[in-house]
Amino acid sequence: MSKAFTLNSDFKPAGDQPEAIRRLKEGLEDGLAHQTLLGVTGSGKTFTIANVIADLNRPTMMLAPNKTLAAQLYGEMKEFFPENAVEYFVSYYDYYQPEAYVPSSDTFIEKDASVNEHIEQMRLSATKALLERRDVIVVASVSAIYGLGDPDLYLKMMLHLTQGMLIDQRAILRRLAELQYARNDQAFQRGTFRVRGEVIDIFPAESDEIALRVELFDEEVERLSLFDPLTGHVLQTVPRYTIYPKTHYVTPRERILQAMEDIKVELADRKKVLLANDKLVEEQRLSQRTQFDLEMMNELGYCSGIENYSRYLSGRGPGEPPPTLFDYLPADGLLVIDESHVTVPQIGGMYRGDRARKETLVEYGFRLPSALDNRPMKFEEFEALAPQTIYVSATPSHYELEKSGGDVIDQVVRPTGLLDPIIEVRPVGTQVDDLLSEIRLRAAINERVLVTTLTKRMAEDLTEYLQEHGERVRYLHSDIDTVERVEIIRDLRLGEFDVLVGINLLREGLDMPEVSLVAILDADKEGFLRSERSLIQTIGRAARNLRGKAILYGDRITASMAKAISETERRREKQEAYNTEHGIVPQGINKKISDILQLGQSANKGKGRGNRKAAEPAARYELMTPKALELKIRELESKMLTHAQNLEFEEAAALRDEVQVLRAQFIAIS
């Protein structure tokens, strides 16, 4: 029987959470396809979803709008479900330049990519968990709608080994080569195997800390054991083990041969079309490139850019959707879309950009028309394939509300009793001087201020003006990378400065309890940055403070302002009524400042053996850029292997633990 979800938390549902959990569960059990959870900032939406997952015991996919929020969700879910499979599935590219052609300058840009091995391992681990068990939560980015290997072919390619089975050594080695594992008797690493007499050591592609030892005796599997690849220490013997392919795109030989025949037929047809239109250069280019790919596929079983032939390799017809992570999710799975007002439009936008680039490649003879089927899912395909869905947002868009039939589950009351900010509207004419006096009031009592402007120029001028008047102020803009952004937010919370000025400070997941004032300049200028949703999100940044307040500077109240003010007041009234009825006194949030830099670090909680020395030195690396972190990880891995070769296993294990902590930090900030 499959393992059940076990929720680990010191807290019990409170505020609006019990009612939200009950209604979401009832809706799912009644077969509702779409539900919306409208949860205000700081109301514990993730905890509510965790309770629903634990009670229903169904495999779940959680979609987040970006890698940073995905890492944050992954870390939270790891803490809630330490005994279950919580997996992470985001794009494994540190850098990606797709192939493209610019006709105006006759420039062809080759595909160039840098793959993050650790994230690739986590992706393989995610699909393995979905295929093997039911107690799975996969936290994914929009990468989940991009093409992946066909799950049926992936399952067919697996190598099952059981104790006592009859199989000779050569057959095992041949199968490992088909799974794209490489033999390496010197450097034993993920996705490789080594042979020593009748003993084969295999390092599974989806694992980062356990390897398999297969001991043969006269064409019979005598023993299967799991061991630590670093120390060689045997952890346990197992009666059976399944080895998964090294990549999601592995394909059986017979399917490759069939695909090659289909590609030849398409090439002949396409050449006729190009010649009929006097496109001789394009015909020559297409023939040369495709023939080269066919030769490589025949010799090696794959070629560079093999994903462009995915229609034939997965056996799908023209125009059919590609296999994606959704094909690995069981039919009764659950989909949770976090920050749905941002994530849903992202899903809709991916297909069009990809299509425009590929059409140019096809038109100018760089690719066959079938390459157009190597694409992300269309929005309609996503809708058709998505299982029962819960949309989670503080500001759901019309799409979610329409899909849920207007039946929105409110989670307005916070367990802490905190109220939504008080809102004031003040004239634009004196906004800068008025803001300066408000900042001084807040700075005097060690509180922080967020200021949002409409343009970059205004943000720069305001920052300069405030600095001239002796205020400690910093400016946040789009050129700042994720790590530096996290550093600035951390410094604001620590009190290194008092005021943060920016243009788009409504960023979801910006969690700063020290901020007691949000000032929105030119709030009466209708547009994207001053829409109802943007205003509510920005006002919500002051909702984690006991004295939270939002000042909207405008000479008139626009429709968006009126809606945002009315919605905030509705929430505040409901919160006050609940607090009065239950005798709750609002409490401020004391969130550890280090937390914001440790997204996903809990991922490694409970792994490995012995004392974790890694947590101590990790602080030294908190402010490193992703590139510097990657170099540090490589340096530590090199030292670790040196210690292992010198049989200094204690030192090697300590470095291994430190590398794992740094990898988790790298995921969080990349």
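Just so you know, glycine gets a Cβ as well, placed from its N, Cα and C.
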Suppose you had to name the range Swiss-Prot annotates as motif 'Beta-hairpin'; which of 92-115, 116-139, 428-451 would you pick?
92-115
Within 8 Å of the centroid of the Cβ atoms of Gly39, Val40, Thr41, Gly42, Ser43, Gly44, Lys45, Thr46, which other residues of that chain place their own Cβ, given that this set defines the recorded ATP site?
Thr48, Ala394, Gln411, Arg414
Set of same-chain residues at least 6 away whose C-beta sits under 8 angstroms from Thr41 (ATP binding site):
Ala394, Gly540, Arg541, Ala543, Arg544
Can you work out which residues elsewhere in the same chain, 6+ from the ends of the motif 'Beta-hairpin' (92-115), have a Cβ less than 8 Å from its Cβ atoms?
123, 304-305, 357, 360-361, 364, 366, 626, 630, 670
Helix, strand and coil counts within the motif 'Beta-hairpin' (92-115) (DSSP):
3 helix, 15 strand, 6 coil
Let me know the model's mean pLDDT on the motif 'Beta-hairpin' (92-115).
84
What are the helix, strand and coil residue counts for the domain 'UVR' (630-665) according to DSSP?
33 helix, 0 strand, 3 coil
Among all protein chains shown, how many Cβ atoms are found within 10 Å of the Cβ of Val40 (ATP binding site), not counting that one?
25
Inside 10 Å of the Cβ of Gly39 (ATP binding site), count up the other Cβ atoms and send me the figure.
25
